[in-house]
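Single-structure report; data block below.
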């Protein structure tokens, strides 16, 4: 397939499906972009501009056609303290830096490093994200009236019950329209989007963040940018795999990393907050028939068009309706099957998942949760793999054989040494390592130690069955060892 | 008559009983073959990718699950094939069965939980209504 054909297929292979799905996604994006802005503590426009810019840029340079990116909860949750302490301009600068980091990640083809993040950490990440989105809504309930509670309940009822009768219109949209209409006509006096911040009906304009270009600024934004870059790519590449599976096609993960990076750089220059791919929206897109690049473009354009045309209506959406939508988003984000499987999966995996969730909920920082999960998994892995088995038997009256099985490295050498009895009353000890692998200098050092301890007692030591890599390692580091065949 | 059969499964106990009946039906006609179909929807994609990591492993796990069915059918000397489809379960089954001129669709009566059925509706009910071929629903 040549380039023109490929472009044609990615853009024009599914025009009708892409346009329809793009419109559906745009409608679903608006309330989320506004709600995520409110979570981050910025004006609704910041999230809307982000979703608009990211959708547009990703449509052209993303690696996974059919995937939808925009302002997300995962990213918004990471920005809260930066916005509160330093303000919007620093957030925009951090967004641009996030983009640069993600671009580098993609250029150096680091997507394959994702495999070092264990699945139980990913599941913990998604579940923690769902919990944080849910708890971020609780503030809207504080000191509210029963009117607000019943509007939230009504929103949820419509969202979940309507699809039973018709799937022609997205139930979230119907819920928002109905609840907004009720609030306006009843003059209910509930808080609205307009109370949370300004909504300008203009296109975003290019402007570099107004910050001092000093090392101090970098020191402030870098930790945030790094966390944003990691979490953004994590969710984007996870979403890409889900879209791969849903559409039964492959995608270029490094291209997607570069695309996410450029999209965030552009967004930061146009007054938008950092974003990434959205699992929920991508699923909606594919379900609604979106497969190509066109759907993301249509979603972005329609979103901006609706804000410019209907901005005055959008500010009247009650927070109750948004809270309802966000509760739906958090229920949809949570991986419920992981709860059902919790008692079936290995206990260590379950622990990693729970610790990841616990760390995130405690620190309100998804990147810290991922780090804790990865470190704990590494420790568990080292514990599991560091189990060595040593069996001994007498070959004759004066010769004893030790058979070592397992991985010999820094974490397993203590167990190894304890398995040898240096008071053996024999002339010769054979250490059979054909079932073992030596990985590092600790392993070689342990073998040397065993040899010298026996030799102090006048017992000859023979090591046999070293595999190729292990003997290369011993040649390299274990120069003093006599029994290794020199 | 009843030589090109299709068995819709979701891996549940009900679909195992449906498989047994599909085998009985295939034996009656002598030269029948059974296609096993499995539909993956959006939420299944999400939870499977989360659980197994990459798409290659996910596909392998699904094929392993379906091979229980194909082995059972092969054990009775009946030719079978596996097809994994993507989409909304009911609609996808209906389209696949109607497009491929099957003689009979065999499916289990209930895979979803009661709550899911209340919200999402019953897959088998919808399928029975819109599939053109005869449907054997196994209780």
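Including glycine, each Cβ sits where the backbone N, Cα and C put it.
TrEMBL labels come from automatic prediction, so no person has curated them.
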Which listed span TrEMBL calls transmembrane segment, if the choices are A:90-108, A:242-260: A:90-108
Range among A:195-217, A:218-240 that TrEMBL annotates as transmembrane segment: A:218-240
The domain 'STAS' (A:399-486), counted residue by residue under DSSP: helix, strand, coil: 32 helix, 26 strand, 30 coil
Seg_contact(the transmembrane segment (A:20-40), the transmembrane segment (A:169-190)) with at least 3 CB pairs under 8 angstroms, min sep 6: yes
Average model confidence [pLDDT] within the domain 'STAS' (A:399-486): 84
Tertiary contacts of the transmembrane segment (A:46-62) (same chain, 6+ residues out, Cβ under 8 Å): 29-30, 32-37, 40, 68-71, 76, 88, 91, 95, 199, 204, 255-256, 258-260, 262-264, 266-267, 270-275, 293-294, 296-297, 299-301, 303-304, 307
Ranked first among A:90-108, A:120-140, A:169-190, A:261-284, A:320-339 for CB pairs under 8 angstroms with the transmembrane segment (A:366-383): A:120-140
The transmembrane segment (A:261-284) vs the transmembrane segment (A:146-162): 3 or more CB pairs under 8 Å: no
Criterion met for the transmembrane segment (A:320-339) and the transmembrane segment (A:120-140) (at least three Cβ pairs under 8 Å): yes
Recorded stretches the transmembrane segment (A:218-240) and the transmembrane segment (A:146-162) touching, at least 3 CB pairs under 8 Å: no
Interface-richest range of A:90-108, A:146-162, A:296-315 toward the transmembrane segment (A:169-190), CB pairs under 8 Å: A:146-162
